[in-house]
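Below: one structure, written as structure tokens.
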Amino acid sequence: MSNPTLQAVRGMNDILPDEAGLWLWFEEVVRDWLEAYGYRNIRMPLVEPTALFKRAIGEVTDIVEKEMYSFRDDLNGDELTLRPEGTASCVRAVLQHNLLYNAPQRLYYSGPMFRHERPQKGRYRQFHQIGVEAMGFAGPDIDAEQIVMCARLWKKLGIRDVALQINTLGDVAARQRHREKLIAYFEQHKDVLDADGQRRLYSNPLRILDTKNPAMQELVAAAPKLMDELDEDAITHFEAVQAILQQHGIAFEINPRLVRGLDYYNRTVFEWVTTRLGAQGTICAGGRFDGLIEQIGGKPAPACGFAMGVERLLALLQEDGMQNPAAPLDVYVVHQGEQARIQAWRVAEDLRDGGLRVLLHCGGGSFKSQMKKADASAAVCAAIIGDDEVAANVVMLKPLRSGGEQQRVGLDDLQHKVRELIK
Ligand code: ATP
Ligand code: MG
């Protein structure tokens with residue numbers, strides 16, 4: 001009996017070469033964009049102590065309550081978790097290495113995140129984020145800059161139909177007042193609350209506003225507004241963010257129900273949403289988290305950041321008909337005979353020395369079958385080497401895309417002639 005084929009874990013995807021081209025292109029665009037704003041790359045482990053996420057994200061949140069891949073390391077008993085998001089790890093790394101010692105930091109990271117959710121279009125158990133964090137900045141300018149920079153990325157990527165929603169969550173005192181009013185309000189409507197809502201009523205009533213349960217939408221819409229509790233400083237901050245957005249012609253909608261699924265946010269929060277990906281329409285989300293650094297054990301420092309979902313962004317691009325950029329290849333080297341093989345290796349290495357992308361035929365076969373493979377490759381031309389060519393120190397150079405004539409080219413001239421063809 002043959003072994004059954006093993007499958008990837010549900011909700012965790014392979015990105016095959018045909019699609020990976022689009023990822024590579026995207027990552028390059030993103031990197032240029034981040035560097036244009038002075039953000040520097042940071043790389044954290046995929047696994048962190050479970051306590052980090054509990055402390056940072058909040059015990060009574062969807063992520064910590066039901067989405068984390070947590071396990072005990074049998075070798076030493078440590079409680080560990082596959083990171084469900086990057087902000088907590090990033091703050092942990094910044095504190096551990098004292099990066100905020102004498103300068104604020106603009107940082108970014110990218111990579112897989114893990115959440116045990118129900119897999120569907122735009123929602124996976126391993127998904128990828130680009131995360132951007134500015135730490136040590138208190139003013140509204142950095143919040144606005146992060147939003148302006150998102151708008152630039154959408155433009156660069158040619159993404160339309162994405163709308164900006166913003167809100168402010170105020171500061172601790174306002175949230176406390178709001179919390180008390182929310183509890184009083186939901187207590188009066190206990191019968192409408194679902195199980196999650198009942199459970200969170202006293203532990204985290206704000207989270208009830210984040211519910212996706214259609215039966216609770218009306219209740220939630222009429223709930224007391226945090227807006228009505230805001231302190232002067234938070235209002236001024238929020239207005240300053242809006243003013244900068246207006247100066248840059250960035251349209252936004254204030255959505256008082258935007259509370260975000262993680263506890264650490266305060267003041268400005270924002271989401272970029274499209275209607276084109278069904279229920280999974282949020283492609284980018286973030287906000288200010290002035291309390292988090294202290295909560296993780298650092299000296300208090302303000303901060304603001306956001307993360308975007310790469311799968312959702314790429315899905316949008318694909319819906320717009322974006323093609324996977326073909327794997328770039330300049331030359332396919334075809335050869336037959338012992339001397340020709342040795343020469344072909346040399347020619348291929350020389351072309352690569354000159355910066356060209358070269359595929360050397362491996363596995364033998366007739367000229368005819370090798371040429372078929374060359375045609376099927378994305379290469380611009382074929383360099384053909386047989387015993388005659390070795391003897392004369394030349395190669396036959398055949399354009400594969402332009403339909404031009406095959407020509408006999410001296411080895412010294414090859415680099416130059418190939419460059420003419422790929423222009
Ligand atoms: P949602 O409301 O869709 O569950 P979220 O508020 O949990 O999103 P964040 O924690 O803010 O998401 O993560 C930032 C971005 O990462 C999201 O806006 C989304 O684009 C992406 N993202 C989050 N969870 C997933 C997932 N399971 N699969 C794919 N992308 C995701
Ligand atoms: Mg979620």
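Cβ coordinates are placed from backbone N, Cα and C, and glycine is handled just like the others.
Within Arg72, Arg115, Arg152, the residue that TrEMBL lists together with Glu85, Gly86, Thr87, Gln129, Glu133, Arg260, Tyr264, Tyr265 for binding L-histidine is Arg115.
Pairwise Cα distances among Glu85, Gly86, Thr87, Arg115, Gln129, Glu133, Arg260, Tyr264, Tyr265, which the record gives as the binders of L-histidine, peak at 21 Å. Within 10 Å of its Cβ, the residue among the binding-site residues Thr87, Gln129 with the fewest other Cβ atoms is Gln129. Looking at the domain 'Aminoacyl-transfer RNA synthetases class-II family profile' (1-325) alone, the prediction's average pLDDT is 94. The number of other Cβ atoms within 10 Å of the Cβ belonging to Arg260 (L-histidine binding site), over all protein chains shown, comes to 20. The least crowded of the binding-site residues Glu85, Tyr265, judged by other CB atoms within 10 A of its own CB, is Glu85. Proximity to ligand 1 at the level of Cβ atoms, with a cut-off under 6 angstroms, picks out Gln129 from the binding-site residues Thr87, Gln129, Tyr265.
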